[in-house]
Amino acid sequence: MDAGRKKKWVAWAVAAAIFVVLMLVTPAIPQDEAYHDFADQRTLFLGIPNTLNVISNIPFFFVGVTGLILCHYKNYFRLSSQGELWSWTLFFAGVTAVGFGSSYYHLNPNDATLVWDRLPMTIAFTSVMAIFIIERVDERAGAKSLAPLVITGALSIMYWRHFDDLRPYAVVQFVPCIALPVMAIVIPPMYTHSSYWLWAAGFYLLAKVEEAADKPIYNWTHQIVSGHTLKHLCAAMVPVFLALMLAKRTIEPERVSLLQKWKISWVTVRERRSKDSSTVDVDCNYAAVSNTTSEQ
C-alpha cells in the first residue's frame, strides 16, 4: 500500500473512531415533539394546511430539476469525470426530492412524515461531501466515497426512527456545514469561481438562523411570514448558487486556495496604501521647500 492510500485509510479510521467515541460518551438526543409546532399554521388557500410552509418548498423542485437536466443535457456543466457526474446528479436529485418530501411533511408535521423531509436532505449533504473530496482531495477517493456516504446518511435516518436518537443524523448534517466552508477556504480548488461555495454556505447558515427564530420572526412580521418559511426560501438559494457556479466555472490554471488569494490581496492593499502615504509625504516636503525659496 503506497503512502497516499495509507494516509486516506488512516483518516477514515480516525474519523470512524471519533464517531464511535462520541456515541459512547454523549447521551442520546431524542426528537423533540415541540419541533413540529411551527409558528405559521394557517390554511390560506386551496385547503392546504400550513400553506406557506408547504408551498415555500416549490423552489427546491424547480432548482433541482433544472440542475438534473443541465448535468446531463450535452454536459452543460462540463463535468470532467463520472464521479463528478454521479455526485452532482445525486445532489440535484436530493434537492428535487426535498421539494416533495418537505411539502409532504408540512402538510401533516409528525415524526413519520419528517423522515421524508430529512432523507433527501441527507442525500444532498453527503453528495456534496463526495464532491468536495473529488475536487479538493482526490478524484478516485471522492468517487468511491459517494455510495458509502449516501448510505451512511440514509442509515442515520433509520437509526433515528428506530432508536429515537438524533446523534448520527446531527453528525451527517452539521459536519458538512463546518467542514465544507473550511475546505473551500483552505484547500486549493480544481475550478474557478469557488467563492460561490461560501455564498451557498452563508445562505444555509442564514436559513438555520431563520429556522431557530421561527416564532419571533412570525411575530416581528405581524403574522405575515414565519422564520420557517423564510428558511425554505434561503435554503433553496444554496443549489441556485451551486448551479451558477457550475455554469460559470472553468479549470483553475493555478490552484491557489481562497485563503492564499485573500492574503495576497491584503498584502497588495497594504503596499498600495503604503505607497500612497509615501507620495503624500513627498508632496508635502516639496511644498515646504517651494515656500521657503519664494520668501528669499
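Cβ atoms are placed via backbone N, Cα and C, with glycine included.
Keep in mind that what you see is a predicted model, and the values were worked out from it rather than measured.
Feature annotation from TrEMBL assigns Zn(2+) binding site to His106. Around the Cβ of His106 (Zn(2+) binding site), the same chain contributes Phe38, Asn50, Asn53, Val54, Asn57, Asp117, each under 8 angstroms and 6 or more positions distant in sequence.
For 1-30, the entry in TrEMBL reads signal peptide.
Sequence annotations record features per position, and here TrEMBL assigns transmembrane segment to 54-73 (among others). Among residues of the same chain six or more beyond the transmembrane segment (54-73), those with a C-beta under 8 A of the stretch's C-beta atoms are 48, 79, 85, 88-89, 91-100, 102-103, 106-107, 229, 232-233, 235-236, 239-240, 242-243, 246-247.
Annotation source TrEMBL lists transmembrane segment at 85-106 (among others).
What TrEMBL records for 118-134 (among others) is transmembrane segment.
Look at TrEMBL and you will find 169-187 (among others) tagged as transmembrane segment.
Sequence-distant contacts of the transmembrane segment (229-247) (same chain, six or more residues past either end, CB-CB distance under 8 Å): 40, 52-53, 56-57, 59-60, 63-64, 66-67, 70, 76-77, 79, 88, 91-92, 95, 102, 124, 191, 193-194, 196-197, 199-200, 203-204, 206-208, 210-211, 214, 217. What TrEMBL lists as transmembrane segment is 229-247 (among others).
Listed by sequence, the residues of this chain that lie at least six past the ends of the transmembrane segment (118-134) yet keep a Cβ under 8 A from its Cβ atoms are 81, 83-84, 87-88, 90-91, 93-98, 100-101, 141-143, 145-146, 149-150, 152-154, 156-157, 160, 169, 172-173, 176, 179-180, 183-184, 239.
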